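> Sharing the record's features from TrEMBL:
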- 43-52: compositional bias 'Basic and acidic residues' (COMPBIAS)
- 60-69: compositional bias 'Basic and acidic residues' (COMPBIAS)
- 43-77: region 'Disordered' (REGION)
- 92-115: transmembrane segment (TRANSMEM)
- 135-152: transmembrane segment (TRANSMEM)
- 164-182: transmembrane segment (TRANSMEM)
- 202-219: transmembrane segment (TRANSMEM)
Amino acid sequence: MTAAPNSIIHFCPIGLTFIQLLPPSILSSPDYRQRRAIPDIGHHGIIRERSGQTETASQTKKEDSHDSESSQASFSAAGTWPGREIGLNKTVLGAFFFGIGMIGMLDGIVFHQILKWHSVHMHTDHFHQIMSDGYFHLLVTVIIFVAGILLWRGDAHEPSSRFWGSFLLGAGTFHLVEGIINHHLLQIHHVKPGPAQVGYDLAYDAFALLLIAAGWLLYRRKRSG
């Protein structure tokens, strides 16, 4: 009678139980193992190959758990998203969007409502000018809301220099983009329409560059420190 292959012993509960009931002296006999081709049996009756290539179930589970914990630790150390490696996080992005929303809100309050120099879309009737301002305020309100969520879920221990640097970068970016698109390219409005409108528009752009430069200096000062 030929010896049963190892695969049958692995998957046959009856054969495994029978082997476990054999006396240890018989199981440990080299001649018996060679004749019957019985694999080594470790503690708790878990079969492992004599070559050591097949691991026990408990060892495999422990190693998988260890690998999972190591992966989670590495992921936590790297941050919740790749941008953290270059200094970006929810606090920085929240401050950036907060700067966009706040400077946009101030732009609408000061230039549109207090000074009444312009509306978002000037080449239309008064009703639609007010409507365009309303859409603009709705947009910046949503941006401020998103910024608030990011800041709420961000790092409370983030230094103030990085927060204000990101805030000024957002404010300056809004001013520069809004100035280039609305004032120079589309020309749907100017800062103050009239003979000196080009000067006002350029001053608006210069102020945007000043905000960006100040914000970048604040942000870089923290990163280098």
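The backbone N, Cα and C atoms fix where each Cβ goes, glycine too.
Because TrEMBL annotations are produced automatically, they should be read as predictions rather than curated entries.
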> Under 8 Å for C-beta pairs, could you tell me which stretch among 92-115, 164-182, 202-219 has the largest tally with the transmembrane segment (135-152)?
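The stretch with the most close Cβ contacts to the transmembrane segment (135-152) is 92-115.
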> In terms of Cβ proximity under 8 Å, which residues at least six beyond the ends of the transmembrane segment (202-219) contact it?
99, 103, 161-162, 164-176, 179-180, 183, 191
